[in-house]
Amino acid sequence: MGEKAILDLHLVSDSTCETVVSVARAAVEHFKSLEVNEFVWSLVGSKSHVDRIISSIDRKRNNLIMYTVLDDDLREYLKKKAEAYNIRCIPILSHIIREISCYLSVAKDPNAHPHRLSDEYFNRIEAINYTIAHDDGQSLWDIDGADIIIVGVSRTSKSPTSIYLAYRGYKVVNIPFVHSITLPIDSAALADKLVVGLTIDIDRLIQIRRNRLISMKNQSNCNYISYEQVEQEISEVNRICMKNQWPLIDVTQKSIEETAATIIQFFNRKNNKIGGDAFC
């Protein structure tokens, strides 16, 4: 196999760079033979800032600029500077905005400033704080504030899934199922909440738990990786979810993002929002 092509990818935004980073990373995932050096330039608000970016680029290398810049003058300046230095410059949102505008015959809002602190931003911060405070069954006294409740046995990715959802703006409580201990929630009182169970292949869970014990230098906890106990835990969670008609997601072959996306689909359906079908 030949050497990988090397690309210096410069991601530029007058906002947080979150959008351009997400799109760029999704795009380069399609090129496994490509080695990418990523440079993130966020909160670019002046022509002098653009000048510094352009001057820092090594023109002997393969360079590509991907950007989201709302300000018309600054955007044009970036494009002209890149063109002058023979650097390819790709807008992320311009085509989409143009298509929406043409399709609906409406002009884009000239006063839109997505990088300003918005209600959505503060709601996201609130969701993150709430979710952290309610990790691993903590602070269940105000569970009514949750949008989503996740239950599952130990090491089924409840916490990272919860944090990912919180970053999307959902307040999440995750509750561990402990063998022979009743779940500390009243299922009848949660009828209006989305409660989701996470399950996993038994052998896979034992492997994850064994690796966890090794990393903690605690290999004496035999029950934690006992096939019989793990099987009982999984069976009990499955039974509880079936009894309460809670959706159950098998995370054995799922990434955190895929699990979260499935949960969001369940949330949208429960709240009569468009979200498509969820496949577990």
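Our numbering is plain: 1 for the first residue shown, then up by one each step along the chain.
Just so you know, glycine gets a Cβ as well, placed from its N, Cα and C.
Here the structure is a predicted model, which means the values were calculated and not measured.
Following the DSSP three-state reduction, the secondary structure of SER159 (ADP binding site) is helix. Using a 10 Å Cβ-Cβ cutoff, SER159 (ADP binding site) registers 18 neighbours. The ADP binding site annotation in Swiss-Prot covers GLY152, VAL153, SER154, ARG155, THR156, SER157, LYS158, SER159.
Of all Cβ atoms in the protein chains displayed, 26 besides its own lie within 10 Å of the Cβ of LYS158 (ADP binding site).
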